[in-house]
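Chemist: One structure, pasted below without further comment.
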Amino acid sequence: MKISNLLAAFLAFSGGFFCASAEVPKVNKEGLNELITADKVLMVKFYAPWCGHCKALAPEYESAADELEKDGISLVEVDCTEEGDLCSEYSIRGYPTLNVFKNGKQISQYSGPRKHDALVKYMRKQLLPTVKPISKDTLENFVEKADDLAVVAFFKDQKLNDTYTEVAEVMKDDFVFAASDDKELAKSLGSNFPGIVAFTKDAAQDSDKLVYTGDWDPASIADFIGVSSIPLLDELNQMTFGKYQQSGLPLGIIFYNSTESRDELYDVFQPLAKKYQDTLRFAFLDAVRYGAVAKQMNVESDWPAFVIANLKSMLKYPFPTTELTAKAMTKFVGDFVDGKLQPKIKSQPIPESQEDLVVLVADNFDDIVMDETKDVLVEFYAPWCGHCKNLAPTYEKLAEEYSDDSNVVVAKIDATENDISVSISGFPTIMFFKANDKVNPVRYEGDRTLEDLSAFIDKHASFEPIKKEKESVPAPDLEDQVAVEDEMADEL
């Protein structure tokens, strides 16, 4: 691929760039910042050389970069084994990660198919107008053609236009956006001027129009659109779970095992879904197909069943019986909203004794990890995870190395059998909880060798480390680090 004139100039005169191959330029922090500022549309691949998924993506990414060059769209890459600070700055948690920038800002993280055609189509879409002008005559057709939520704003002010366009740029992959300066049209839809109306296809709503009444700022408008797009009472599956998770609202999950049961439960929960639509959402889950999710939600496998899950903290509030009557559900949901319920925490038994490698469970996690007199390194693992098994002998040796240091704890926890408040996106995940800063744990992103893990502890330690003399331990086989979604998403 011929590199564009702009990139060629940067390569020649800026120390921020160097060529990874003839196809896709590799950039460091300085070079990436220059590109973000200069390029109208840019995709950045954050990767690791050892990552199998990254290797599979490489030819597709290179061919897409070649085709998109004529459109003035740049595709570049960042090697996270060389640019660790840069990857941390962008909160890279797995490889490959594809971030998209437009007009100097990150607008999205690409999650579509990692194929040439899909990449090209997605990036060319970024060049299209984000907000479509609309009139009274074209409104109906605009709304009907929308696959999901259709958002229409009414204003004349340029500042309001800039704010609305900023939101639309970030959310345009999921929704369609239009704008009008017609005051009478806004009034006929029940909106103020300026104002925003979201058109929904949710049958559980009383109206197909949701009117925004909040402040005209990007965060508030985005929250309104995000929440409006989530059905009040829908089916939970692989396609819809992400929406519920991204909303930030607690989710009431209704387990059913027959069509008749679902129909009866709809009548019970639909009024509650409408009443509490600003507070939580509700969804049905087929217990015959997805019964294993009940275990993750701390629910007994008796149907029907109901649980409210906080998808941020992953705290679960299961209803204790199968008697899901309107009266019982009204009280239970009301008590949750009023903060009267206590979550049910799943925990393995606390070990009677501990070795050099401390075993954590949910019931002792805070006592050990949040101890402000200790630095604590924690491995979050799954018993079935091959990478975790490969790491085990090295991690045990690491614990032995720091066993004489009373200020350092090396620990592990089975994240599949214990409820934890830490967000885990893959196994193993290793985090360092500093004695003087428990709120901001440091995620380990390096090679899983004894030397690198030990250096990581020493770098971030709150105290002068005291270690036993080390014996050499062979590095575990670092095959492709496969990021795994959280347990519930896997089951779905």
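Heads up, the Cβ atoms here are built off N, Cα and C, so glycines get one too.
The model shown is predicted, which means the values in this text are computed figures rather than measured ones.
Straight out of Swiss-Prot:
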DOMAIN    23-128  domain 'Thioredoxin 1'
DISULFID  CYS51-CYS54  disulfide bond
SITE      GLY52  site 'Contributes to redox potential value'
SITE      HIS53  site 'Contributes to redox potential value'
SITE      ARG114  site 'Lowers pKa of C-terminal Cys of first active site'
CARBOHYD  ASN161  N-linked glycosylation site
CARBOHYD  ASN257  N-linked glycosylation site
DOMAIN    323-462  domain 'Thioredoxin 2'
DISULFID  CYS385-CYS388  disulfide bond
SITE      GLY386  site 'Contributes to redox potential value'
SITE      HIS387  site 'Contributes to redox potential value'
SITE      ARG448  site 'Lowers pKa of C-terminal Cys of second active site'
REGION    468-492  region 'Disordered'
COMPBIAS  477-492  compositional bias 'Acidic residues'
MOTIF     489-492  motif 'Prevents secretion from ER'
Chemist: Give the residue counts of the domain 'Thioredoxin 1' (23-128) per reduced DSSP state, in the order helix, strand, coil.
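Modeler: Across the domain 'Thioredoxin 1' (23-128), DSSP assigns the residues as follows: 46 helix, 28 strand, 32 coil.
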Chemist: Taking only the Cα atoms, work out how far HIS387 (site 'Contributes to redox potential value') lies from CYS54 (disulfide bond), in Å, as a whole number.
Modeler: 17
Chemist: Where does ASN257 (N-linked glycosylation site) sit by DSSP, helix, strand or coil?
Modeler: coil
Chemist: DSSP on GLY386 (site 'Contributes to redox potential value'), three-state: which is it?
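Modeler: The three-state answer is helix.
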Chemist: Hey, does DSSP put ARG448 (site 'Lowers pKa of C-terminal Cys of second active site') in a helix, a strand, or just coil?
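Modeler: Once the DSSP labels are grouped into three classes, ARG448 (site 'Lowers pKa of C-terminal Cys of second active site') ends up as coil.
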Chemist: Within the domain 'Thioredoxin 2' (323-462), count helix residues (DSSP H, G, I), strand residues (E, B) and coil residues, in that order.
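Modeler: Result for the domain 'Thioredoxin 2' (323-462), in helix, strand, coil order: 47 helix, 30 strand, 63 coil.
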